[in-house]
Amino acid sequence: MERSVTAGKWLAYCRLMRIDKPIGSLLLLWPTLWALWLAGGGAPAPWTLFVFVAGVFLMRAAGCVINDYADRHFDGHVKRTASRPLPSGEVSEQSAKVLFVVLVLLAFGLVLTLNTMTIWLSVAGLGLAWVYPFMKRVSHLPQFVLGAAFGWSIPMAYAAVSESLPATCWMMFLAYICWTVAYDTQYAMVDRDDDLKIGVKSTAILFGRFDNLIIGLLQFSMLALLLILGTMTGLGMPYYISLLVAGGMFIYQQILTAGRERDACFKAFHNNKYAGMAIFIGVLFGL
């Protein structure tokens, strides 16, 4: 019995860190890889690659923990999140705080093996990750903060590889923010009715009936910025083909979300992991 209880507790911690749902890690991983390859004009050093890949999974897990801690009094009132470990009581608030600190320390320990610029940037990134979960209390624009928090791996990657933050770095960062706001608005559309009842704010609520139009504009802006980025860095035809592929996926997502049904919006959100992968393949073969 004791062994089964222990196993159940570990499973609850895994669910709290979303180990069973890697979509968030993938949406963070792909642009990190774009930046690592573009910053150095090719494959980064193996250790640098390891630090960033491990850091993606550690910080995404930490972000999920602090997000659920911040939302612990709201999640129980939302159908999709009521069974999460904190609102269901499977994991205590104190345990969640300890887990968050452990994950952050592990990630920071890896960053300490990189250069000074990257270390300082990581401190700013932690601040963004901490602020994001609480933004939905005070603003309808938490998705923009999420984009900055998730996208902060881009300047960190440039700093780690080239010890510089050129214009191309910030162009990619801005493109990623546009993409994040687009896909996280799709995600927020799933919970929009529940969020309205409990007073949680989001871009899905702010955009209202113009949600799909604004998502489309954000997706177009992302592709336009990445197109300019490609010309600035001299990327080859495979990269531009990958942008067309991603654009096709965005059109598919628009078709999915046209009826604003929960399952369709969630499916559209998940489709973004393939768009990110397609662009990385384009970067890989376009260099």
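Note that Cβ sites are derived from N, Cα and C of the backbone, with glycine treated the same way.
The feature transmembrane segment, as given by Swiss-Prot for the ranges 67-87, 235-255, sits at 235-255.
Tallying C-beta pairs under 8 angstroms between the transmembrane segment (163-183) and each of 23-40, 235-255, 266-286 places 23-40 first.
Touching of the transmembrane segment (266-286) and the transmembrane segment (23-40) is concluded from the presence of at least three CB pairs under 8 A, sequence neighbours closer than 6 excluded.
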